[in-house]
């Protein structure tokens with residue numbers, strides 16, 4: 001008789017029909033690379049087996065939607081490994097911890113509508129009445145809440161990103177305020193870009209107007225062209241650098257820039273004078289000069305809201321001086337008018353002329369308005385390049 005056949009129980013890792021070179025997957029954890037040996041080939045007694053047997057059940061589409069290798073998945077030919085849409089019953093969680101400690105699994109809590117039906121009434125009055133029940137209040141407020149039904153403020157826990165915009169549990173942000181806060185700077189930026197574009201066209205417009213004064217019949221071709229530097233036909237206001245008229249165009253635009261700068265400085269000077277920021281002493285009666293300084297003893301005290309200097313003084317003759325207050329507004333204008341009137345006596349007639357114009361009848365004013373309307377288009381064509389500067393001047397006048 002032959003020796004009895006001894007059948008050795010093959011471990012799960014000994015099935016090498018499916019490629020598993022590193023012995024990583026749960027089905028082949030008894031490969032030699034997974035520290036399996038002939039002394040412990042059995043799955044139940046091998047200490048090196050996987051402690052997570054649920055990993056064998058790969059979720060549907062775990063390797064991508066519809067990914068099925070032609071020779072089977074890496075985990076075998078199971079439907080789950082091949083991505084077939086099959087539903088596996090969920091196994092209950094292991095109760096090893098509960099068995100060791102002697103505890104039974106925690107039962108599933110019944111729904112709130114079965115245990116506390118009064119809490120499902122979302123009427124405000126009934127809801128607050130339901131909160132009087134300690135069991136209901138314990139569901140909504142944490143431990144240590146006040147017995148009056150008010151909730152103790154919980155510490156706000158917010159991420160770095162959310163804390164920048166709003167706090168957790170805070171009121172929702174008002175999108176109208178956010179929109180208005182973003183819309184304002186965008187409108188200002190658009191207005192600035194528009195005005196800047198228009199301002200950059202002022203030199204070209206004034207150059208065209210300046211050149212048109214020499215050619216009443218219209219702007220002809222540039223007369224600076226010659227055979228030595230042939231250029232295409234162009235206007236005198238758009239000469240290329242190769243044209244001899246280019247230097248004259250640059251000179252005209254430089255003068256125009258200086259004129260615009262002078263205009264802006266005059267406007268700033270008028271604005272500062274209107275605000276009373278130019279403390280200029282007026283001319284003293286019967287004198288063409290003034291002396292500014294702190295008057296310690298004055299025959300007449302200065303009255304006014306002048307800040308610097310305290311008053312305007314004449315040169316003391318007998319130890320005392322006459323103090324005249326500085327005007328709170330238009331101090332420079334009054335000084336220039338008095339200075340010009342003292343040297344040009346005919347300017348005093350303009351005051352009488354202005355007073356006479358104020359007393360004119362409405363018929364005369366209608367005639368003046370008609371004349372302005374008749375000559376207005378020509379004036380508008382001349383003043384149109386300066387229109388973009390008007391909003392800037394108005395803004396400075398109001399803000400300062």
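Glycine residues also receive a Cβ, built from the backbone N, Cα and C atoms like all the rest.
Small disclaimer: the values here were computed from a predicted structure and weren't measured.
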Looking at N-linked glycosylation site as annotated by Swiss-Prot, pick the matching residue from 15, 37, 320.
320
Correct range for transmembrane segment (source Swiss-Prot, candidates 182-202, 203-223, 224-244):
182-202
Under Swiss-Prot, which of the candidate ranges 84-117, 254-287 is annotated region 'Disordered'?
84-117
Do residue 250 and residue 336 share a side of the membrane, as Swiss-Prot has it?
no
Who are the chain neighbours of the topological domain 'Intravirion' (370-375) in space, where the CB to CB distance is under 8 Å and they lie at least 6 residues beyond its ends?
none
Composition by DSSP (helix, strand, coil) of residues within the topological domain 'Intravirion' (370-375):
6 helix, 0 strand, 0 coil
Over the span of the topological domain 'Intravirion' (203-253), how high is the average pLDDT in this prediction?
74
